[in-house]
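Novice: So TrEMBL has the following annotated:
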- S81: active site, nucleophile (ACT_SITE)
- D225: active site, proton acceptor (ACT_SITE)
- 35-238: domain 'PNPLA' (DOMAIN)
- 39-44: motif 'GXGXXG' (MOTIF)
- 79-83: motif 'GXSXG' (MOTIF)
Amino acid sequence: MSNPPQSSNPSVSLLSLGERPSPLLHNRWCLTFLISPDGGGIRGVSELIVLHEIMVRIKAKKDLSDLPKPCEYFHLIGGTSTGGLIAIMLGRLEMSTEAALAQYKALAGHIFGNKNRKCKGHNGTFKATTLEGEMKKLLQSYRGDSEALMCGDATRENEMGRAFVCAVPATNMRFPRIFRTYKLLGNSDPNCKIWQAARATTAAPTFFKCISIPGVGGIEETFIDAGIRCNNPAEQVREEAKRLFGENRTVGVFVSIGTGHPGTIGLSKPDVFQRLLPSQLISTLKNIATDCESVADQLATRYGEESVYFRFNVTHGVGQISLEEWEKISEIVTHTRAYLQDSRISAYVDSVAQRLCDPSSYDTGVSLALLCTSYF
């Protein structure tokens with residue numbers, strides 16, 4: 001299948017990486033497939049709908065009896081905030097997109113429901129203990145151990161389905177910290193429990209209190225949501241892939257998915273705790289959604305024939321829904337379905353699915369080294 005035509009549509013971007021490098025710079029026969037879901041509260045449902053459509057098309061193209069899982073087709077998925085929860089569900093827990101959607105809906109109802117709201121003046125709008133409890137139930141169901149570690153299973157026989165989530169230390173937000181389901185040499189963060197990683201990556205100051213996680217020697221560090229630094233974690237995913245697989249590996253597909261374009265993330269009226277937050281931090285939180293698109297917009301002018309980066313982001317209706325408005329989940333599904341029915345968007349989804357079905361037909365000529373030198 002030939003690549004779909006170039007488009008100026010800002011909701012779908014293709015990364016052009018200039019001239020094809022020498023074949024000696026990368027392994028032509030071993031492609032790497034990556035996913036990067038943005039953060040965005042309940043709007044993460046939109047990301048799962050997009051991924052589900054990709055999986056449905058793979059099922060049809062390969063005439064499979066069961067719906068395939070993302071962990072069977074993608075090497076690495078990395079996320080921040082609710083994108084981090086998606087990474088855990090699809091990677092560490094090896095869920096299908098269908099199962100992840102059901103669990104995501106149930107989780108959102110518990111943690112964002114009125115019964116979970118805290119009294120005014122407390123740290124965060126919602127009780128973090130509820131999120132912890134629901135995550136532990138999920139882990140018990142899927143792993144048989146509510147205290148399972150992020151990097152706890154035996155090494156996989158293949159390289160597929162690895163995942164990480166991002167958070168930032170509350171006392172130094174300059175550099176995101178990464179909690180992995182795999183081991184890396186050098187500057188590797190301590191292994192922690194899956195529910196702790198989930199709490200850290202979703203600890204947005206206006207919604208949930210921060211979490212302290214024991215590290216080397218039992219010394220605790222306090223973490224919050226990394227959305228302040230990388231709500232669109234595409235840069236972290238590409239750099240992590242280079243560290244994990246080596247710079248000579250060839251990129252097959254890099255899928256980045258947003259939670260609604262454009263708009264400012266809706267924030268509830270601040271309580272006493274939130275009023276104590278620096279105004280600069282509040283301003284940053286309110287503009288995270290716009291910052292996500294600035295990462296993607298910088299790619300829009302770099303179109304070309306050799307494309308590996310696909311950006312999907314619903315253009316209407318979803319971006320204006322507030323992070324915690326879980327009761328509007330059906331609206332998110334409706335808007336996302338409408339987006340996917342657009343002929344141009346559908347062509348891009350089909351292109352991704354085709355590459356995943358028949359990777360040998362798409363020698364992109366783009367190594368991870370070259371991907372990581374392109375400008376975001």
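Just so you know, glycine gets a Cβ as well, placed from its N, Cα and C.
TrEMBL labels come from automatic prediction, so no person has curated them.
A quick note: this is a predicted structure, and the numbers were derived from the prediction, not measured.
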Novice: Between S81 (active site, nucleophile) and D225 (active site, proton acceptor), how many Å separate their Cα atoms?
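Specialist: Rounded to a whole number, the Cα-Cα distance is 6 Å.
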Novice: Starting from the Cβ of S81 (active site, nucleophile), draw a 10 Å sphere and report how many other Cβ atoms land inside it.
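Specialist: So the Cβ neighbour count for S81 (active site, nucleophile) comes to 31.
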Novice: Taking only same-chain residues 6+ apart in sequence, whose CB is under 8 Å from that of D225 (active site, proton acceptor), what do you get?
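Specialist: Listed in sequence order, they are G39, T80, S81, A167, V168, A200, T201, T202, A203, A204, P205.
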Novice: With DSSP, how much of the motif 'GXSXG' (79-83) is helix, how much strand and how much coil, in residues?
Specialist: 2 helix, 2 strand, 1 coil
Novice: How many of the residues that make up the motif 'GXGXXG' (39-44) does DSSP mark as helix, as strand and as coil?
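Specialist: Output for the motif 'GXGXXG' (39-44) reads 4 helix, 0 strand, 2 coil.
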